[in-house]
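What TrEMBL annotates here:
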BINDING   Thr17, Gly18, Gly19, Arg184, Ser214, Gln322  UDP-N-acetyl-alpha-D-glucosamine binding site
DOMAIN    10-155  domain 'Glycosyltransferase family 28 N-terminal'
DOMAIN    207-386  domain 'Glycosyl transferase family 28 C-terminal'
Amino acid sequence: MAPPFASSTILLCGGGTGGHVYPALAVAAALDDVKRTVSLGQAPVSLVYVGSEGGMEERIVARESQLPFRALPAAALRGRNPVALMRGLATMVAGTRMARRLLTSLQPRAILGTGGYVCVPLFLAARSKGVPTMIYLPDVVPGLAVKMLSRIATLTAVNVEDALPRLGLERNSARALVTGYPVRSELFGQDRPTCVSRFALDPALPIVLVYGGSRGARSINRAIAALLRALLERCQLIHVCGREGDEVWLKEAASALPQTLQARYRLYPYLEAKTDSTSEPSMTAAFGVADLSICRSGASTLAELPAAALPAVLVPYPYVHQDENADYLVERGAAVKVADAALLGSHQPEEGPLFAAVTRLLDNPLERQRMAEQSRALARPDAARHLAEAVLSLAARSGS
Ligand SMILES: CC(=O)N[C@H]1[C@@H](OP(=O)(O)OP(=O)(O)OC[C@H]2O[C@@H](n3ccc(=O)[nH]c3=O)[C@H](O)[C@@H]2O)O[C@H](CO)[C@@H](O)[C@@H]1O
């Protein structure tokens, strides 16, 4: 039975890694616009972010939004170790109990989950309390948690239509919605010279953005280290290496190079999506400045690369269905793909597939231009708004 709604609160939930947090924040920003035109009764719509205890989302939400944050215990339920599994299960039971208390106190009208294990306890509690839920799948192939959540959610939204059959949903099902991936609006139509000045780079020499998703990618970092001199002889690099300590040996590798090449290298463990100051480097500005990207193919790349019309060499992380994300862009002419295991080949690093792909694209501005146009054609600038409207109408229905 639905609770008697005194409030007009909507919960946003997603966590574990950045890819589950940024889409929720993009929807929060769109909700700020949309909610002015939609009435949920007397009370103004308010948003609360629910994330996992100790996850990276608490820091991101505090830095990049004004949203109040509430934490729940959550853990992965996978692997073969029975002790770890039991511990994970106990955490989830505690999380669900705490989520029920949270729902009792906040009385939300609807919940949007953007993935990560923290959605599981919240959605289980929501089901038992009759709060409507919407789960969003950013990837082409769903993981276990999203599959399970899609079964209990009121609505399932997906980034691309190809994902629907993998969730057992039809295109015209009343429970399904294809929205695209919500990205921050600042990514579209950036001014390149302004972005270049944030990184203090030379606008006349091509700029390559290297990043490995929200946690970095060691194999990409190793490959860049092996190719550092050869790459810097041809382009400038913005390298976002992750916070796992790779910065130390990457700095060392760079310090062995001549000063002229060192001046072309910018290394960061992490770049905030946006910064308070308009002169500091940010991830958004990195997309605005790059001529080419070398990156993993996490779900965000399906939207952020098109939003920035940025051609890419994609290196899918082998264990989590990133190949299918990469294929989506490659088949549409927006990117090329290099296998993680084959980055450097078996002889000289400069003879391997990564260097071959990057130099071919650097030497061929026309091909880059064609890829950029094909990428741009895939952009869905309305995705955040679409999701915002869907969660608001779920909330409006639940109160009527
Ligand atoms: C290893 C792993 O399990 N990866 C999964 C995880 O990736 P992950 O959480 O890394 O997600 P994505 O690669 O999709 O997104 C990373 C996000 O972080 C941002 N960013 C990244 C680095 C940085 O310094 N600053 C910054 O702002 C990017 O612009 C992007 O918005 O969730 C995704 C969404 O379900 C999946 O597709 C990925 O397969």
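Glycine is treated like the rest: Cβ placed from N, Cα and C.
Note that the structure is a prediction, hence the values are computed from the model and not measured.
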Assigned conformation of Gln322 (UDP-N-acetyl-alpha-D-glucosamine binding site) - DSSP reduced to three states: helix
Secondary structure tally of the domain 'Glycosyltransferase family 28 N-terminal' (10-155) (DSSP, helix then strand then coil): 72 helix, 25 strand, 49 coil
Chain-internal residues, separated by at least six, CB under 8 A from Ser214 (UDP-N-acetyl-alpha-D-glucosamine binding site): Thr17, Gly18, Gly19, Met56, Gly298
Helix, strand or coil at Arg184 (UDP-N-acetyl-alpha-D-glucosamine binding site) [DSSP, three-state]: coil
Neighbourhood of Gln322 (UDP-N-acetyl-alpha-D-glucosamine binding site), C-beta criterion under 8 angstroms, separation at least six: Arg296, Ser297, Gly298, Pro316
Pairwise C-alpha maximum, in angstrom, for the residues (Thr17, Gly18, Gly19, Arg184, Ser214, Gln322) that bind UDP-N-acetyl-alpha-D-glucosamine according to the record: 22
Within the predicted model, mean pLDDT of the domain 'Glycosyltransferase family 28 N-terminal' (10-155): 90
